[in-house]
Protein chains: 2
Amino acid sequence: MYVKHLQCISCGKEYPATPQQLTCSECGPDGILDVIYDYSQIQKVFTKENLAINRDHSIWRYMPLLPIDPNVKRPSLRVGGTPIYYAKKLGKAIGVEKLYLKDDGLNPTGSLKDRASSIAVVKAVEAGAKIVACSSTGNAASSLAGNVASLNEYDLKACIFVPERAPAGKIAQLLIYGAIVISVEGSYEDAFNLSAAAIEKYGWYNRNAAINPYLVEGKKTVAFEICEQLNWEAPDWAVFSVGDGCTIAGAYKGFYDLYQLGMIDKIPKLIGVQAEGCAPLTRAWETGEPWQKTEENTLADSIAVGSPRNPEKALNAVRKSQGMMVNVSDEEILKMQTFIGRHTGVFGEPAGVTGFAGLKKLIDEKKISPEDSYVVVITGNGLKDIANARKAAGEPVRIAPDLEKLDQLLKEYGLIDKL
Amino acid sequence: MYVKHLQCISCGKEYPATPQQLTCSECGPDGILDVIYDYSQIQKVFTKENLAINRDHSIWRYMPLLPIDPNVKRPSLRVGGTPIYYAKKLGKAIGVEKLYLKDDGLNPTGSLKDRASSIAVVKAVEAGAKIVACSSTGNAASSLAGNVASLNEYDLKACIFVPERAPAGKIAQLLIYGAIVISVEGSYEDAFNLSAAAIEKYGWYNRNAAINPYLVEGKKTVAFEICEQLNWEAPDWAVFSVGDGCTIAGAYKGFYDLYQLGMIDKIPKLIGVQAEGCAPLTRAWETGEPWQKTEENTLADSIAVGSPRNPEKALNAVRKSQGMMVNVSDEEILKMQTFIGRHTGVFGEPAGVTGFAGLKKLIDEKKISPEDSYVVVITGNGLKDIANARKAAGEPVRIAPDLEKLDQLLKEYGLIDKL
């Protein structure tokens, strides 16, 4: 509605904003496009007052800032509107007074990726596609499958390519949603390449990876919600785990939009957190050199991305916001799962708690001030990955069914003091 | 605030509404109490207009109808405010035009039980308890643990007794939330009995089972939300899976409250659905005889309750609303997991989709009219039980990473027509 055009972030070339235009024709697959809006027109309809009386609590409440035709059929899942918590007890535990946690694991399919996939589905419908495809075993795939299934008046199929080693639990979620799931005998790269060839050959709509410029526009709604939920007082810092780089890039775009519209008085500094075993973007940020492909050596599968597909937008987000990047170990990640769980009641998957692990590390190392305000986004639900939760959580105490034994146990564990 | 007293549903005796008064002293543990409100006072503050401008989208928006002290510290998890979907495609598939699905699996710990546990935690705080305990491996336990963890300004511990055979995944969720988890060498009954003895001995607050009259008052908020989300037009029917009986009893109480207040023009007829292998309440409803203990022979673990603890309130709900009860097989339950998933994008656990399985059966058997309007509540998130989802979902198709092979496969599966 209010989209002016697409623009290449490398060469600046402009393109009409069609659903099919995904990358810059001049710069090739690395020519990432950005959606450019007409803020002066948006300002006339998009106001704090209008939002206050808007009873749609999904991402569609931000329609004027979304790159979709409002008349096109949309998935019916309620994406967005996830809760933000003032995490007083958790903040106290790390010495930060103004700490907020946004639990995006409460999106319909369990992750922030729903924000991107719902937009992808609308673009596929706009494009008149019959099949939308991607290669993934993770949150992108399940959110695509779920959002496709929830379309009521348009016959679209999700086709997901997975490597044969994909965990059965994640496959189950895809099949439940009725996606066509093609298990490719080979590596993730084999699955990716086959999906790319099929998309090319059959003309399917492409939800593969970060280059689709419309997906970031869905992800940016997390920034809108943060600001609106904090009564338009932008936090000093916003913290995200980083894999492909799309989520932090989306958050930046969201804060940028609101800043351009005069709805917040600053863009929060962005902290991007990667896993030590897979940190190409942190390395690029630290050295100023171009990013280089790395191993994918972390249990936080949702951010195990050795070749990030949105490196420039992600690094721009951190640099332009005067933010920072940091790495954490898998041990720190697992430890933070229980740490966050017991201080907040929020259960994040490993990649979902990685942002907080980075925040804690930076606070511990005195690289950021405990006086500032922080919003940490939990990007995925812990129920998605029970195997790692078990590693994190340890074992319960075992006893015989005998009250004296229980009494003894409670004393041993110092619990008797609490009685 | 507006609670007059507690009243025994058997003998009618009244009690002051203290946190500790859980059952009727005269009738013993079977003397289930009901919370009685002063509707004439509530009417003055609880109006559709006030709700329309209330920006709290959790269950606390219904404070005048909740049996808690509004000044007592509450868990900070956002319980309630789950989405309701007009399930057009799903309805079409079973021949019902007015079908709505409420996805309560999107509560913070993944089930409707959060509505009860959040109230239990407030009552524990009101009672000045240091420990709140229950015996369960399921949703009641995880919701209790999560809600306790989210208390910011009161030091409460959850103590959960589980039988040693409890699935490791569910144990992990409890430990992540920091609950004291005591694995009892023995059966579920051994764990239950030890918890009861400990609660008695140490004076812990009791979230055990359905007899606590305040828990139903939390569950009733699902009925409030249904009516409010449907613009105060109560559906003809509301459908729930039934184990202990507390959820359907809670729903009835919620509709009853609104009807007493003149906010809806009828109480929906309630359909209770049990699993064939564990259906003591359906049998009691069919025969008019008292319920009898049965085997617990179903994979829908959340409703595998051979000795329901709230039989009277549940049967009252079905009878007084002129509703009905029906059983479904485990096969039907598993089949409905994928059926719902692919028609709506909602992924329910087995007990979570049991209600819909019952609705479909009653429609197929022409026992209810396809012209009526139906709300089905999905009571728990499918991610809680991936093992059964795998049984339901089947296997993906496998191929070599080769475009010709893919072409062939798409033709074989008739998918090529869609291209």
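Positions of Cβ are set from backbone N, Cα and C atoms, glycine also.
Straight from TrEMBL, the features:
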{"type": "BINDING", "residues": "B:N139, B:T379", "note": "pyridoxal 5'-phosphate binding site"}
{"type": "DOMAIN", "residues": "B:77-380", "note": "domain 'Tryptophan synthase beta chain-like PALP'"}
{"type": "MOD_RES", "residues": "B:K113", "note": "N6-(pyridoxal phosphate)lysine"}
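Positions of the features from TrEMBL, shown on the structure.
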| residue | record | Cβ within 10 Å |
| --- | --- | --- |
| B:K113 | N6-(pyridoxal phosphate)lysine | 31 |
| B:N139 | pyridoxal 5'-phosphate binding site | 29 |
| B:T379 | pyridoxal 5'-phosphate binding site | 29 |
Average model confidence [pLDDT] within the domain 'Tryptophan synthase beta chain-like PALP' (B:77-380): 95
Rounded Cα separation (Å) that holds between B:K113 (N6-(pyridoxal phosphate)lysine) and B:N139 (pyridoxal 5'-phosphate binding site): 6
DSSP-derived structure type at B:T379 (pyridoxal 5'-phosphate binding site), helix or strand or else coil: coil
